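Below is one structure, written out as structure tokens; comments come after it.
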Amino acid sequence: MSKHKAGKRHTLRSLARLEAPIVALTAYTTPMARLMDPHCDLLLVGDSLGMVVYGMPSTLGVTTEMMIAHGQAVIRGSSRACVAVDLPFGSYQKSPQQAFETAARVMAQTEAGCVKLEGGEEMAETIYFLTQRGVPVIGHIGLKPQAVHTHGGFRTVGRGSEADQIIKDADAVVAAGAGAVVIESTVEPLARALSDRLPVPTIGIGASPACGGQILVGEDMLGLFTDFTPRFVRQFGTLAADIDKAVAAYAEAVRTRQFPGPENYVSASGTKTEGA
Ligand SMILES: Nc1nc(=O)c2c([nH]1)NC[C@@H]1CN(c3ccc(C(=O)N[C@@H](CCC(=O)O)C(=O)O)cc3)CN21
Ligand SMILES: CC(C)C(=O)C(=O)O
Ligand SMILES: [Mg+2]
């Protein structure tokens with residue numbers, strides 16, 4: 001039985017009506033979604049899962065099948081937050097038709113509330129095609145990780161003349177119907193200008209407090225993913241250290257035969273041990 005209560009889950013539209021900044025995190029699995037859902041307005045099944053969960057060097061190798069499997073897992077673990085699913089590299093850039101086919105599969109198989117796709121002016125026609133056909137879309141501008149090889153690395157963008165293009169990108173994406181825009185790794189004056197001019201919420205990651213909301217990769221802010229730590233991350237937890245400690249304690253207990261204890265197994269056939 002799903003915990004979902006009809007009419008209680010946030011939609012992309014209802015996020016825009018929040019007074020306080022939008023609280024968003026990425027989630028990839030049911031247990032993480034369960035823990036995050038009570039505190040978050042938006043859970044993003046980010047294609048960052050390729051790097052965080054699968055150890056890939058970038059997000060480029062992520063497939064639609066992976067996004068659907070993890071989207072289903074996050075929907076099962078949440079009831080309150082709006083769930084967005086990233087469209088992965090190569091699944092939407094070819095044409096509006098390709099994007100619709102991918103988005104329709106994702107929406108139908110996961111029941112997510114919206115999809116997110118990276119791109120500016122060049123994706124406006126596609127965003128219009130989707131939003132006119134019942135697919136709510138979150139835009140994603142600034143640093144676009146799927147374009148890492150074009151950007152020349154995961155670096156801050158929007159300094160000097162780059163800012164003009166990003167403003168055009170934001171205007172085009174919103175005119176095409178995007179209901180919110182993620183702004184990644186841009187300088188503060190640009191993030192502020194975008195947040196002031198756009199009629200939909202901006203959700204920042206490395207884009208200053210001027211945005212209408214904030215998003216981080218869950219594993220980054222929990223101190224669980226430590227392969228690299230972008231400057232925009234603050235660690236609110238120390239889960240990597242906690243897990244290291246727990247696994248070391250387990251290993252020690254097994255090696256000294258302290259685990260399993262009497263409560264963890266049946267001592268004689270037909271006889272239950274204390275606490276079992
Ligand atoms: N765990 C994780 N967190 C993320 O925020 C994230 C992903 N994965 N995967 C997809 C993209 C990639 N992102 C990244 C990855 C690395 C940096 C990073 O290392 N930034 C350095 C500067 C690097 C440079 O300037 O060359 C930094 O200090 O912020 C930033 C964003 C953001 N996204
Ligand atoms: C960090 C966010 C915005 C993202 O796109 C992802 O996690 O894939
Ligand atoms: Mg992404």
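Every residue gets a Cβ built from N, Cα and C, even glycine.
Nobody curates TrEMBL annotations by hand; they come from automatic prediction.
According to TrEMBL, the residue from ASP37, ASP86, ASP164 that belongs to the 3-methyl-2-oxobutanoate site alongside ASP47, SER48, LYS116 is ASP86. Taking Cβ-Cβ distances under 8 Å and a sequence separation of 6 or more, the neighbours of ASP47 (3-methyl-2-oxobutanoate binding site) in its chain are THR59, VAL62, MET67, ASP86, LEU87, PRO88, PHE89, PRO145, GLN146. Comparing GLU184 (active site, proton acceptor) with GLU118 (Mg(2+) binding site), their Cα atoms are 10 Å apart once rounded. Of all the Cβ atoms in the protein chains shown, 29 others lie within 10 Å of the Cβ of ASP86 (3-methyl-2-oxobutanoate binding site).
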